[in-house]
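Annotation source TrEMBL lists active site, nucleophile at B:Ser146. Residues annotated as active site in TrEMBL: B:Asp312, B:His347. The annotation substrate binding site is assigned in TrEMBL to B:Arg218, B:Asp348. The domain 'AB hydrolase-1' annotation in TrEMBL covers B:41-210.
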Number of protein chains: 2
Amino acid sequence: MEVNTGIEYFNEPLYLESGRILPNFKLAYETYGRLNNDKSNAVVVCHALTGSHHAASRYKNDTKFGWWDAMIGDGKAIDTTKFFVICINILSSPFGSTSPLDIDESTGLEYRMNFPVIVISDVVNAQMRLFKKFGIEKAYAVIGGSLGGMQSLCFAIEHNKFTDRIIMLASTYATSAWAIAFNKIAIHGILNDIMFDDGNYDVNLVKKHGLVGMEVGRMAGHISFLSPDSTSLKFGRKYVNTDGLYELKGRFEVDRYMEYNASNFAKRFDPLCYLYIVKMMNNFDCTRHFDNLKDALSNILARLTLISFKGDMLFRWQEMREIFDVMVELGKGDMVEFYNINSNYGHDAFLVEYDKFDFYVKKALEWKI
Amino acid sequence: MEVNTGIEYFNEPLYLESGRILPNFKLAYETYGRLNNDKSNAVVVCHALTGSHHAASRYKNDTKFGWWDAMIGDGKAIDTTKFFVICINILSSPFGSTSPLDIDESTGLEYRMNFPVIVISDVVNAQMRLFKKFGIEKAYAVIGGSLGGMQSLCFAIEHNKFTDRIIMLASTYATSAWAIAFNKIAIHGILNDIMFDDGNYDVNLVKKHGLVGMEVGRMAGHISFLSPDSTSLKFGRKYVNTDGLYELKGRFEVDRYMEYNASNFAKRFDPLCYLYIVKMMNNFDCTRHFDNLKDALSNILARLTLISFKGDMLFRWQEMREIFDVMVELGKGDMVEFYNINSNYGHDAFLVEYDKFDFYVKKALEWKI
């Protein structure tokens, strides 16, 4: 499989939904496979909250594969012998695309807290510019899970001639108060962390130590990605060997797991970028510029495949089902498929239990117009 | 209804499960109604994590009633014209009973982080001492929700001749990894809050400002007490009027609600006490000194009424159902009742939707031997 990683610089303004303007911007991306001659085999894969454009393969000397390596590759569900797969790092993310840590030309300083709030529609608009540079006028399919699913739905509604196939996993049409509540822990923790210093923190110091506010936020995220069943199955009530049951600071295995993950994450993921992306997730509501969900979905021309997971605590399957029901109500029943997968993994299932849904992704990609 | 509030001082040691000893201790309590002549009408009500002995009635100049006022009173489900209701503040709690903020006689200083870890069995043992002082050898009933339900179950197993009626709501037989994960956010936030200073914080300063670590911990608690449905119903995607959708710090109504509650709570509830009580909850496992759940429950002589709530995310109804099933397995099917209440309120339902379960409490209290 051919893999290419790059950064594309756009020396042109991006007009944002907020009314603000990015005078120029850059997008980091990765591609897998080869674009065919008529540029008709591009499959756009949209990443989630903390993901990146590194969706598949493994970098030299790296132990970890891209976040959807099990799905993308030669002979896999998203078959790179057929498709040219492209994954683009979202704006605001710390992995290469324009983010709050970049230089604001108007001041010559880093944006930091002056970075504009970016919404899903902006992310998608920016991506459209990159496809244009590639000469891709129409994608074969767009696919994404979680925050990536929001991007997919946005493509379907706001760029409805861009593709004939949309696949959306573990996502929603509008972030619920419940999900916003989970995100609040990170927002509150980060904004009130002394080290955060209203966004003026020392980046290297944060990379070394991590913010406590980011750690607790990540813990809340972890909980929302899991499920009661998977957590109990994985950890039970096992106590850390070296800790005492009657020590105040003694930990259960689940405590240690959360500590370990939160600590690593806080060093790896910039807290200001996290704030901006969480804001992006909270703001997502595909009906904002429409009368209601029906009105919004009436714009969809592509065939929509919805894959939800029964144990998903963050974006519940009922929310995906609502999209399906409205599509049917709109007389588009033959253009929508809904699969509700049994899984103990909660929201994380779309990153873990491939064998339960890769067949449906493959099937959706095989659909002929 | 006669209401009496008091603190009882015990100038005698309390031997703890940890092996540590409290050389003396005190218990704050409140009673409602009158103890009858043969002292046979006492109903023990056990409070939850952040509750206190102030379960019913309203103090002079206070706007708020006790936490279960809807349940306790003349003619109410726990009828104080018949019963003498007693609620005792648990050890480790900041509302009057011995806590980490009390003086350690061996040093003349406050215990702080040297306070022993208290478990549910210790809490119940201490309460037994108070009943003895009241001359109550046998209670008419013991009832509690959440952490109070754990106390009820502990009475049933470890003091199995103390009462013939146990009522347990929204609780479990052993705290799950899932619940421990939620508590981890508070533990991590508090222990790593600079102001906490390894337990040596200035109490008045904390009362004035509140720890951020406590705030995020309370937010996590709030989420675990709610349910996706109740949260979405209550807040939807409503935005705070004064905040902008495209402002990084702009808030949804659910954000404001969480901020408001967390901020108040952090000023009202001591963070070290919270750590100790959360530890108590995490440690709870009624099977610890037994081979398994069946072995533990085989000790129960009282009639057990279990009331769970379908939307409870913290202690799921399945956990209560397990207690029921094992009781039936033990041939005690005629001594156990299980009610699974439909509610959108999640764990909080036992503090909110009285009309959905007060009938079952009343019925359990009316049961004749």
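Every residue gets a Cβ built from N, Cα and C, even glycine.
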Can you tell me the CA-to-CA distance separating B:His347 (active site) and B:Asp312 (active site), as a whole number of Å?
4
In Å, rounded, how far does the Cα of B:Arg218 (substrate binding site) sit from the Cα of B:Asp312 (active site)?
17
Spatial neighbours of B:Ser146 (active site, nucleophile) that are distant in sequence (at least 6 apart) but have CB under 8 A:
B:Ala48, B:Leu49, B:Leu169, B:Ala170, B:Ser171, B:Leu314, B:Phe315, B:His347, B:Phe350
Who sits close to B:Asp348 (substrate binding site): which same-chain residues at least 6 apart have their Cβ under 8 Å from its Cβ?
B:Phe225, B:Leu226, B:Ser230
I want to check the contact list for B:Asp312 (active site): same chain, sequence separation of six or more, C-beta distance under 8 angstroms. What comes out?
B:Ala170, B:Ser227, B:Gly346, B:His347, B:Ala349
If you run the three-state DSSP split on B:Asp312 (active site), which class comes out?
coil
Rounded mean pLDDT for the residues that make up the domain 'AB hydrolase-1' (B:41-210):
97
Take the Cβ of B:Arg218 (substrate binding site) and count every other Cβ within 10 Å, whichever protein chain it belongs to.
27
